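**Student:** Sending over a structure as structure tokens; questions will come in a sec.
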Amino acid sequence: MKRNSLSSFSVSLWLLFTAVMPQAVESAKGKYAHMLFNELFEDYSNALRPVEDTDKVLNVTLQITLSQIKDMDERNQILSAYLWIRQSWYDAYLKWDKDKYDGLDSIRIPSNLVWRPDIVLYNKADDDFSEPVNTNVVLRYDGKITWDAPAITKSSCVVDVSYFPFDSQQCNLTFGSWTYNGNQVDIINSLDSGDLSDFVEDVEWEIHGMPAVKNVITYGCCSEPYPDVTFTLILKRKSSFYIFNLLLPCILISFLAPLGFYLPADSGEKVSLGITVLLALTVFQLMVAEIMPPSENVPLIGKYYIATMTMITASTALTIIIMNLHHCGSEAKPVPQWARVIILDYMSKIFFVYDVGENCTSPKREKEEQHKLEGDNGYQRRHKEVRSHLSNRNHDCDLKEKFNGNLNKSYGVHGENVRETVNCCSCYKTLIKNIEYIANCVRDHKANRAKGIEWKKVAKVMDRFFMWIFFIMVFFMSVLIIGKAA
């Protein structure tokens, strides 16, 4: 029983020791940290470079971590990015022997208490010139200071939108000291490129790298060199959004323009369709113009819109001209011989254009032509019979007139039968003249109608010709823009 009570007592003491010991150590380290802080900053000044020899260069190591792209304003050419900026340097006046302070090797203090390099973003495009975020710095016993500070930067970026929405951009982030030259503060790359390990994927842009290059520039104002580090952010636009919202509707609308030539001329909607398509493309063109900067470089999609709008304008003008050909009536001149040979004989067969009112069903067409020929033959046969009958009656009338004349001369007979015969013959002559006049009118009407039908067929052939021409143009324009994207 005693052994069990002693063992339980020792375990209790051990647990109590392990629980109290960390707190005692922390309190001891906190005591040494306060003591160290008071001794380090008793005579310290953060106004001057922390070097023992003023002719000695202070090296500042710079590292940039890209966390997120907040916005790319193409119109104003400004890139907004969320960065983590790490700067590290050695302070000659902030060193201590860690053995004197119970192994304390680092402390964290506010950054405004120590000297900080005035490294800024040279190509900053923000109106806010506020101070950097006053985060803590990590101070090590050997004097090395590491300062990690988040920053939302707005930098100027030359945007080339020639291949929008299939474009790639290169935006520079140039960091350097604002007042210290290269003989006082030198900037060293921590890595050959920016750190992209913590980058949050963007919905519009893909990151293809962020190489870093150190430059030493001598400006015109000063003879001393000024070093800087330039991080080049290589961006590739994700074009799916613009393809489905700007490019694909334009392609579909542009394919409607050639169909205006296929509409029947009597529908009255040929010109209206072209104007409607032109207005729709104008709306999309304005949407693109609001996004793009007002530069001389016209984007690829803008060139496609302009080419399509020019094509639709030309198709509408051609439609108006062809409509005038279609409505040429009997007063118009006949179709020229060259147009009859080229358009009516050859082109109509190439584009499968038949007479106005016909379709491509040949059996029906043959039946209609057969009925038409039978009707014309029957009409001509009846017309000949009537004329022969009337001519015979006219001949009989002449014989009767001669016979009656002979009777009158021989016997001196004057009666009603003679007068009736003469009246009947004169009626037949008048009837023949009227029928001939009507036949001539019908013949002239058919000739004039055939002239108008020829002009309508010419207009229909030209419609089909331009329809295929514009379809080919739209197809090649679409293939061209897709090829530029690839």
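Glycine is no exception: its Cβ is also placed from the backbone N, Cα and C atoms.
Since we're looking at a predicted model, the values are computed, not measured.
Okay, so TrEMBL annotates it like this:
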- 35-238: domain 'Neurotransmitter-gated ion-channel ligand-binding' (DOMAIN)
- 246-481: domain 'Neurotransmitter-gated ion-channel transmembrane' (DOMAIN)
- 1-27: signal peptide (SIGNAL)
- 241-264: transmembrane segment (TRANSMEM)
- 271-292: transmembrane segment (TRANSMEM)
- 304-325: transmembrane segment (TRANSMEM)
- 465-483: transmembrane segment (TRANSMEM)
**Student:** Same-chain Cβ contacts of the transmembrane segment (241-264) under 8 Å, 6 or more residues past its ends?
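**Tutor:** Sequence-remote neighbours of the transmembrane segment (241-264) are 164-165, 204, 270-271, 273-274, 277, 280-281, 284, 287-288, 301, 304-305, 308, 311-312, 315-316, 318-319, 322, 463-464, 466-468, 470-471, 474, 477-478, 481.
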**Student:** Cβ under 8 Å, sequence separation of at least 6 from the ends of the transmembrane segment (271-292): give me the contacting residues as numbers and ranges.
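**Tutor:** Distal contacts: 74-75, 161, 164, 246, 249-250, 253-254, 256-257, 259-260, 263, 299, 301-302, 305-306, 308-309, 312-313, 315-316, 319-320, 323.
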**Student:** Should anything in the same chain at least six residues away from the transmembrane segment (465-483) have a Cβ under 8 Å from its Cβ atoms, list it; otherwise answer none.
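**Tutor:** Counting only partners 6 or more residues beyond its ends, the transmembrane segment (465-483) has Cβ contacts under 8 Å with 247, 251, 254-255, 257-259, 261-262, 300-301, 304, 307-308, 311, 315, 318, 322, 347, 351.
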**Student:** Could you tell me the mean pLDDT over the domain 'Neurotransmitter-gated ion-channel ligand-binding' (35-238), as a whole number?
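**Tutor:** Mean per-residue confidence for the domain 'Neurotransmitter-gated ion-channel ligand-binding' (35-238): 89 out of 100.
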